[in-house]
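First comes the structure, then the notes that go with it.
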Amino acid sequence: MTEPEPTLEQEPTPEPEPTQEPTPEPTPEPEPTQEPESEPELELKQENGCTKASEQKSPEEFEPPEGGWGWVVMLASMWCNGSVFGIQNAFGIMFVYLLNEFGSEHDADLRFKTAWVGSLSMGMIFFCSPIVSVFTDLLGCRITAVGGAAVGCVGLLASSFVTSLGPMYFTYGIVFACGCSFAYQPSLVILGHYFKRRLGLVNGIVTAGSSVFTITLPYMLSGLLKSVGLYHTLRVLAIFMFILMLAGLTYKPLLPKPVSSSKPGSRCPPLSRIFNVNIWKSLGYRIWAFGIPAALYGYFVPYVHLMTHVEERFGPEANKEVLLACIGITSGVGRLIFGRVADYVPGVNKVFLQVSSFMVIGVMSMMIPLCHVFGGLIAVCLLMGLFDGCFICIMAPIAFELVGSQNVSQAIGFLLGMMSIPMTVGPPIAGFLRDRLGSYDVAFYLAGIPPLIGGAVLCAIPWVEARRKRREAANTAENTEKMLESRSPPLEDTVCRTEEPESVI
C-alpha cells in the first residue's frame, strides 16, 4: 500500500493536461438556454394575471368564462361609454353657451369656428385609436384605460380656465379627446376576454351606457349651465373622468398572449405587435374599414347643429333637450335589441344590420329640414336614435368575425382612426353652409347622402367573405387529397404484389 503512493505523487506532471479538460465542462451546460425559455412564461403570468390553465392555452383555444367578473367589467365599460359619448352627444347644449361666451354677433363665421371645438373632440377620439390599439396590445387594457381617463380629467379641468376659443381647441378638442380615446377603446377590447357567445348582447348593454347619459346629461347640463355657468360645469364633468379612472381598474385581462417571437433577452416587442398588417390582408375588412368612414361624413351633424336649428325654427323657448333625450332613449333600446339579434345572425351577415341602420339614418337626416312641426322632429329623432344604436352595438362583433379575437384590437383601432376624418370635417362644413346660406336646410340634406353611399358599399362584404371561405375550403380539400395520395402506395404496385404470389403457387 505504501509503494503505489509515490507513483501517484510522481505522475502529476503528465496529469495537468487532463486536469484542464474538466474546466470547459461547465460552459456547455444547458443552463443559459433554459433562462430565456422561462422568461416569456413569467411575463405571461405578470401581464395576464390569470390561471395556469388559461396561460397554457393559445389565444385560439381560449374559452371566455361567459360571466363571473365579466359582469363587473361590463358595468365599468358601460360607464366608460356613457361618460365619453354622453358628453360628446350633449355638446349641442354647450354649443349654444359657447356661442354666447366666446362669440360676437358681428362674426360671420361664428358657428363655423365654434363647431370646431366639438368636431375636434369627436374626431380626436377616433383619430388616436390606431395609437391606442398599439398601447392596448403592449401595456394592456387596464393601464391604457386608467391613463386615458386621467388625461381626460386634466383636459376638462384645463378647459374650465380658458377664456377664448383658441385654447379651447387644445384643452377640450385635443387633450380631453385623446384621454377619452385611450379610455374608450380598451372598454371594447376587454369584453372579448370574458364573453364570446353573449358578446353581441353585452356590447349592446355596454354601448347603451352612452344612451343613458345622452338622455340625462342634456337636462343636467342645462341646469348646471344656467345655475353655475360654463366653467364650473366643465369641472363637474371632470368628476366623471375621475370615476372612469376607478372603473378602468376592473379591466383584468384573461386572453393569453402568444409567446414573443423577439430574440431571447430582448425586451423590444416584435414589429408585428406594433403594426399588425395581417388585418389588411382581409378584403372584407378593407371594404368595411373604408365603407363605414364614407358613411359618417354627416353622422355627427345633428348632434352639433340640431339644437341651434330648433332655436332658429321654433324659437328659444322650444324644449330642444327633448330631441336629444329621444335620440338617447331609442338608441339605448336599439343597442339592446339589435345587440341580441346580432347573436343570432351568423358570421359576417351582421353587416346587413349596419347597412339598414345607415340607410335609415341617411333618410332621417334629410327629413329634418322638412319637419315644420315639433312633433315631426321628435319622430325623426326617435327613428334616428333607434338605428344609431344598431350601428354602434355591432361594430365589435363584426370586427371579431372579420379578423378574429387576436387581431380585433388593432382592427377596431384602425377603423376608428379612419372614422375621425369624416366625423371631424362634417359639422364645420354644416356650420359654414349655415353662415353662408342663412339656413341649415342644405346642410342636413347633404348630411343624409354619405350614409346611403356607405351602406351600399358594405353590402359587398358578405359576398366577399363567402367567396373567401369557398376558396379556402377548396384549398384544404385539395391539400388533404394530395397528402393522402403521397402516403398511399400506387395502385399498380399493389396489383403486382398480389399477382406475384399467385404465379408462384
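Easy rule for this one: first residue shown is 1, then count along the chain.
Just so it is clear, glycine is given a Cβ too, placed from its N, Cα and C backbone atoms.
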Query raised in the report: Under Swiss-Prot's topological domain names, is N319 on the same membrane side as M483?
Result: no
Report summary line: Relative to the transmembrane segment (115-135), the stretch among 67-87, 205-225, 344-364, 412-432 with the most Cβ pairs under 8 Å is 412-432
Query raised in the report: So are the transmembrane segment (444-464) and the transmembrane segment (172-192) touching or not, going by 3+ C-beta pairs under 8 A with a sequence gap of 6 or more?
Result: no
Requested in this report: Report, as numbers and ranges, which residues of the same chain sit near the transmembrane segment (67-87): CB under 8 Å and 6 or more residues beyond its ends.
Outcome: 125, 145, 152, 180, 183-184, 187-188, 190-191, 193-195, 202, 205-210, 212-214, 216-217, 237, 240-241, 243-244, 247-248, 250-252
Report task. May I ask whether the transmembrane segment (287-307) has at least three C-beta pairs under 8 Å with the transmembrane segment (172-192), counting pairs 6 or more apart in sequence? Result -> no
Requested in this report: Count the CB pairs under 8 A between the transmembrane segment (287-307) and each of 205-225, 236-256, 412-432, then give me the winner.
Outcome: 412-432
Query raised in the report: Which one of these stretches, 205-225, 236-256, 378-400, has the most C-beta pairs shorter than 8 Å to the transmembrane segment (143-163)?
Result: 236-256
Requested in this report: Could you check if the transmembrane segment (322-342) is in contact with the transmembrane segment (205-225), meaning 3+ Cβ pairs under 8 Å among residue pairs at least 6 apart in sequence?
Outcome: yes
